[in-house]
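Input: a single structure, listed below in structure tokens.
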Amino acid sequence: MDDTSGTEGDECSELERAGGWFMVEAIVDRRTGDKPSSDEDEDEDADEGEDFVDFIDDRPVGDGQEVAQELLLQQAAADDDVAVQAVKRKFAPSPYFSPVCMQPSIENELSPRLDAIKLGRQSGTAKRRLFQLPDSGYGQTQVDTESGPLQVQDICETGTQDGRQDADEGSGRNVGGNGGQEEERAGGDGEESQTQGVQTDKAACGVLAILRASNQKATLLGKFKEQFGLGFNELIRHFKSSKTVCLDWVVCVFGVYCTLAEGIKTLIQPQCDYAHIQVLSCQWGMTVLMLVRYKRAKNRETVAKGLSTLLNVPESHMLIEPPKLRSGPAALYWYKTAMSNCSDVYGETPEWIVRQTMVGHALEEAQFSLSEMVQYAYDHDITDESMLAFEYALLADTDANAAAFLSSNCQAKYVKDACTMCRHYKRGEQARMNMSEWIWFRGDKVQGDGDWKPIVQFLRYHDVEFIPFLCAFKTFLQGIPKKSCLVFYGPADTGKSYFCMSLLRFLGGVVISYANSNSHFWLQPLADAKIGLLDDATSQCWCYIDTYLRNALDGNQVCIDRKHRALLQLKCPPLLITTNINPLEDDRWKYLRSRVQLFTFKNKFPLTTQGEPLYTLNDQNWKCFFRRLWARLSLTDPDDEEENGNPSEPFRCVPGQNARTL
């Protein structure tokens, strides 16, 4: 420590001597290579502390280091421009000036007016491609991890929790849902493999991430076909809405843990009546294919949430659709794989698989018979095409003819023909009955017995004498000329329409409206009815009746025009009319006075405290009314059906079948 070589002398300050000493020590160490003594090491270790750590760059300006730093920044910016330009060239036309080099683009340089003579100007913005490349399923597919360094994903990761992102489709990792969290699928000691990072462009990573998200379903469909040997769409039918419910669902889940893939075979059983499960391994993990029949109908969202909880897999890694119920190849696939050792089956096989695969069910299939459909429509009194199509389709699971109807390509024609034939049969059946037989026939269709007293009490409430009403009603039903029209007159809200509509509903009549009087066919419904109703006749309507419908009120033969048919001559059925105008008091309609029988409803319609009608007029009460006053109304006595049974068999439009001997 006595060596003072290299110092400036005694006249130097202590600080300058210290600086000189350290300089000498550094020179000696570099020249001779001698290591400092142990006490010097101890002093240096002791001097290392917070007081000697310098965080401020107090170097003099112009020492030359900022030049290298500026050069590095320029080189990095140039590399970034090259990477961004490489990505943009895939999705947008080249601009006139390139950001990489300030030279004009070659196409503009060769022909400056080339852009002006184009028929359609190309947009400068990036466009979404209709068909993506097949190797861009997850954005970065088929990246060889052994041939070169991986890209550093940290700078382009936006939603990860650990700062990592899966860059290889076959690396044994599974990318999570929206957050992008990855989980190690590969075996080993749990340590992450060391990769050499290189600088990556943020814009390129963002575009690749978007491509991966938009092509995710296509990638899953491709992986399914690669593993199972057939397309996923061959087994399913598509539901556009995720809210549509169904009992049967086909689910394919990718990237499942091995333990959970085996455990789902037991976990799914309490929720379903049938489960067909196949488990295969792939580079993403385990792939689980399931055909599940739940105990209750579920929609796609409910199924996805339930399986996501059981399998710990995001919903974006699932393909969920209902199965094809009428596809023979699809049913045969589930049937054959159920017998192999690669599947685990729980529960009873669905009937749509059994029906298309079992020999017995195949032999039971028959051709569609229109007469059976007509018989069904006749028995259930269905003449509306939409109602018949819906109700008959519901029988497909239990009725072979209904199943054949659904398998036919002429369903609309069959429905139309069946309704047409049913209307013909109904019209012919009605035409052969007189009024007494028709009333008895309509009464037999009513279930239960009612009370006739509310009808009488309602008439007395309006001060209508029951005996005169009964006499007029008797001649009305018999169709006696000049007595076949009943008019119910009174102010509003007195129950006129309520009374007439209840009677019309029991007798199966029709309603005609004066609003359609401009048409020549507005009286056509009267051709197919036993009784008619003209509700709320106004003064214009009475003038029309007085001018054109006197014969109809008489109950005589009239001629009715029907659409696309010849004119029909028939006896006009009895007619009920409700009105707020008294036709008997107006001299304009004096010729109608002898043709109508008028009853006045004076009082307001009575209601209970709950808002229900005080007097109930339903089919059961009208049935009891007619049965009670059958003799008073001079209706013909029906045959002794209660003692001798029905004299004729029910109508059948289906041919009889001979018993087949074994």
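Cβ atoms are placed via backbone N, Cα and C, with glycine included.
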Ranges 110-119, 310-319, 350-359: which does Swiss-Prot label motif 'Nuclear export signal'?
110-119
Near-site residues: ATP, ref Gly490, Pro491, Ala492, Asp493, Thr494, Gly495, Lys496, Ser497, CB cutoff 8 A to centroid:
Thr578, Asn580, Phe601, Lys604, Phe605
Hey, of the binding-site residues listed (Thr494, Ser497), which one tops the CB count within 10 A?
Thr494
Over the span of the motif 'Nuclear export signal' (110-119), how high is the average pLDDT in this prediction?
54
What's the CA to CA span in angstrom from Ala492 (ATP binding site) over to Lys571 (SUMO cross-link)?
32
Which one, from the binding-site residues Gly490, Pro491, Gly495, has the smallest tally of other C-beta atoms lying within 10 Å of its C-beta?
Pro491
CB within-chain contacts under 8 A for Asp493 (ATP binding site), separation at least 6:
Lys604, Phe605
Tell me which residues of the chain lie with their Cβ under 8 angstroms from that of Lys571 (SUMO cross-link), as long as they are six or more apart in sequence?
Gly479, Gly555, Asn556, Gln557, Val558
Does DSSP give Lys496 (ATP binding site) helix, strand or coil?
helix
Given the binding-site residues Ala492, Lys496, which one's Cβ is surrounded by the fewest other Cβ atoms within 10 Å?
Ala492
